């Protein structure tokens, strides 16, 4: 039964009809055969028993006929037996029971097929319902997502509008701050301008008062001579003096009051200055002066300070007119008025002289010897309060006192800039390092902090002509260009006299030139890249601040034990601007000088420093100068031989250079620079070298683009500065004579080389036995 269930399948209507047709044909054949067999048996029957036996055998034969077996095999077992049509008289009871079982099985199968079809339909419907449910779920999710996106867009729009509103508010606040700052700056400028004008007017008034005091002194001397001798020469003076002392003086005072109202703002500005000057004048007076006289003098000075130039000129003109009109007054009135006016003028002149002898410039700490002499003069003044000239028994100074005008003229203009500077006595000299472009450098120790510093003494051979412009440029430039790769200035110190000025800088152990002279092996490619990156960073900072160094070379590049490179020696540095101005072409040491300078160009810019950087690049790789020329012509020929002779095509404006117009140069058609480096320089490195050494300054690479070059990003990469090897500091040893490197240009100033012998008798010198070469000594030996 199990096999039948497993092999059962539902037949189609066509299959059932075909099966019925086939079975009908088989039944017809079987009937024909049965009839034939029955005829044969009838003909062979002999007796009843045999017939019975034959009938029984025939029944067995019919029951077990081969047709039935074949039919059962073809129709797959019992299924075909149930479909076979048998004569009713031949079916036994067992077969009927079997037939009923088959009918039941078929009924079950039909029921099962119907239930299977119903289950299939149910599954299909369930799938459809599941599909619908999923579809609705997806639609709900899409709707929720779209709603979330709309909400997100609205939030983003609100956030954007809020940020935009905040940005606009910040911009508005920034503009408001800038506007207020501009207003404040404008007010400050106006205030400074008002103060400056008030100061100028005050100085002019003081100068006029000094001139008028001088004139009154001369008139007083003339009046004294007239009283002693010839009385006939004095009739012209009384009317003027009476005019000054009489009723006609009142309108002049009223005029001063009006002008004081007009110049009230200037009085407020300079009020503190007048108070300090009046206090100094009162302290400088003789001991017999009382407090009442000091108050009267202050009032007179305020009245005189409030008058303008126009009022004084009008007063003088009126006095001259009155002198001409009243030329015939009596001798008695002239004597009385002359005595009164002379007394007043004497007191006023003494006050002004006392005022002018007091210097407003405060005393500096490094010039104490001059302070002692001033104290001596003050003591002498106190001993003789009422006498303008010393007596025979009094102390007479070595040098006569100078007039106030002469003192102001001789006062150096750079003195206020050096107020508060420490003395060089506070440093202990250890040894001499090197002589720079415009000064000598020493290694010294700060006695207070025990720090090792570098002291550079500025050359002051021509101090009589004023402070050297090169020293001013160096100090100004080096203070303005502070950077990790530029030497750090700590302070300015002075010696006993104003002609000894020192720049105190952080001490750096090596300079590249002396270091490469002692190195057995050249720098590694990674070390060269690190040095070049630091050099380009320092040069970029200078150029960004509109500064030309104009003397870049290996001896001016310092290297510390920490691997930090610093650019030094700003003796030739200067600021430049746009448009370019004509500068001197005699700058930069010969070996590092750009071709445009060698050919006489006067307008140049940062490209001259970049050419020097390229020369330093080649020297770091080979430990030898790239173009070691012996003269300007030899330098040009060496450059042309390695880089090829330029032309107007590769260097626009080449034919217009002064040297090109005057002479012709050898023709070198090819660039042979690559052969000099070989494996020391990669293709990217040679490309950078060519960009540094480009003939046309307008196409020469700048420091910023040089830092971005691919040469610094290829292997081997630049090493960390802290990984640099250390060498013994040559500057801490006894100074060795420098090699054959040429000296930098001196700019036509004719400075001589400054040695230790030049330092003697000039404020300090090194206490060593050997002259010229300075070893470590006990310190400075100063003379005041």
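Yeah, the Cβs are placed from backbone N, Cα and C, and that goes for glycine too.
Per Swiss-Prot, the feature compositional bias 'Basic and acidic residues' maps to 18-60, 114-131, 138-227, 238-263. The region 'Disordered' annotation in Swiss-Prot covers 18-401, 722-784. Annotation source Swiss-Prot lists compositional bias 'Basic residues' at 95-113. The compositional bias 'Low complexity' annotation in Swiss-Prot covers 278-289. Residues annotated as compositional bias 'Acidic residues' in Swiss-Prot: 290-353, 372-381. As annotated by Swiss-Prot, domain 'Protein kinase' applies to 427-712. Swiss-Prot lists 433, 434, 435, 436, 437, 438, 439, 440, 441, 456 with the feature ATP binding site. Among the features that Swiss-Prot reports, phosphothreonine is placed at 477, 584, 740. For 583, the entry in Swiss-Prot reads phosphotyrosine, with the evidence type similarity to another entry.
The DSSP secondary structure for residue 441 (ATP binding site) is strand. Residue 441 (ATP binding site): 22 other CB atoms within 10 A of its CB, across all protein chains.
For residue 477 (phosphothreonine), the same-chain residues 6+ apart in sequence whose C-beta sits under 8 angstroms from its C-beta are 547, 570, 573, 574, 575.
Counting every protein chain shown, the Cβ of residue 433 (ATP binding site) has 24 other Cβ atoms within 10 Å.
Summarised by DSSP class, the composition of the compositional bias 'Basic residues' (95-113) is 19 helix, 0 strand, 0 coil.
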